[in-house]
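Participant: I have a structure I would like to understand better, so I am pasting it below and will then ask my questions one at a time.
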Amino acid sequence: MYGIEYTTVLTFLISIILLNYILKSLTRIMDCIIYRLLFIIVILSPFLRAQNYGINLPITGSMDTAYANSTQEETFLTSTLCLYYPTEAATEINDNSWKDTLSQLFLTKGWPTGSVYFKEYTNIASFSVDPQLYCDYNVVLMKYDATLQLDMSELADLILNEWLCNPMDITLYYYQQTDEANKWISMGSSCTIKVCPLNTQTLGIGCLTTDATTFEEVATAEKLVITDVVDGVNHKLDVTTATCTIRNCKKLGPRENVAVIQVGGSDILDITADPTTAPQTERMMRINWKKWWQVFYTVVDYVDQIIQVMSKRSRSLNSAAFYYRV
């Protein structure tokens with residue numbers, strides 16, 4: 001009886017010793033594998049060229065700041081370029097492979113295939129409502145049209161700057177502009193804007209608040225209007241709301257990843273006279289009107305100089321962001 005108990009105890013002790021030996025062996029093997037892996041990583045890390053995300057980036061500040069690529073100095077290998085052009089350009093060229101041709105030409109300037117996107121827009125009105133400025137760098141080609149000169153200059157002001165916008169209910173409220181950076185931006189197929197300035201008793205100054213025909217007309221049947229009135233004065237507005245939307249906007253500063261190239265025209269569009277445009281923009285350029293092939297060749301040839309006056313941005317814009325933070 002006692003012999004059986006001694007045997008059981010001895011077997012139990014041997015099992016514990018054997019299990020302990022196995023666990024220690026496994027631990028030594030795992031330690032060896034981990035240490036060797038870490039040693040290999042340490043040896044190879046100086047030879048690796050990989051994008052480093054998240055390190056040395058501040059967690060505060062503007063998301064508009066352009067952060068440099070710490071491991072890659074070649075700008076074009078890590079960036080995207082969007083080239084916006086009117087429908088008539090593709091119609092005139094009439095070549096199914098013209099984009100492939102331009103992509104190969106951009107490749108000679110350091111832009112890899114697939115990094116340049118060609119974006120077509122129908123007209124200024126549709127483009128202003130839904131710009132979709134998604135790329136790191138965005139270059140907009142606008143053919144000069146004397147009948148749309150004002151719309152073109154205002155579109156340039158719109159996309160070359162950032163705006164913080166809110167909806168306006170002109171049927172219920174009076175509105176005033178607080179400073180020079182505060183504007184009212186209207187968009188639509190036909191925008192006619194009338195204003196009636198009010199005194200401290202909310203009576204019209206030179207107009208009747210109950211009669212829109214006495215209001216001062218500041219825009220007539222335009223597709224895009226940036227309205228500027230006397231600061232600090234309440235205004236009652238009359239807008240063709242059936243074909244136009246109006247928003248109360250604040251200019252925040254330049255949108256430096258966008259450039260506008262005017263194509264042709266005897267007059268040069270210029271928004272630098274606006275006192276809120278500071279510093280004077282260099283991102284608005286002009287190409288003499290030629291065939292569209294010649295225009296695109298010129299853009300390819302001078303793309304490096306164009307990009308040099310721009311700054312890469314970390315945020316893309318769609319139509320929703322455009323309305324509330326343009």
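Note: Cβ is positioned from N, Cα and C throughout, glycine not excepted.
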Participant: Can you tell which of Q104, Q132, Q177 Swiss-Prot lists as binding Ca(2+) 2 with D228, V229, D231, D301?
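Facilitator: Answer per Swiss-Prot: Q177.
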Participant: Which cysteine out of C82, C191 is the one Swiss-Prot pairs with C135 in a disulfide?
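Facilitator: Between C135 and the options C82, C191, Swiss-Prot records the bond with C82.
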Participant: So C249 is in a disulfide according to Swiss-Prot. Which of these is its partner: C165, C191?
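Facilitator: Partner cysteine, according to Swiss-Prot: C165.
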Participant: Rounded to a whole number, how many Å is the Cα of D231 (Ca(2+) 2 binding site) away from the Cα of C244 (disulfide bond)?
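Facilitator: Between the alpha carbons of D231 (Ca(2+) 2 binding site) and C244 (disulfide bond) there are 23 Å.
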Participant: Are any of C135, C165, Q177, C196, C207, D228 (the recorded positions) within 10 Å of T214 (Ca(2+) 1 binding site) when you go C-alpha to C-alpha, and if so which?
Facilitator: C196, C207
Participant: Pop the Cα-Cα gap between E216 (Ca(2+) 1 binding site) and C191 (disulfide bond) into the table, whole Å please.
Facilitator: 14
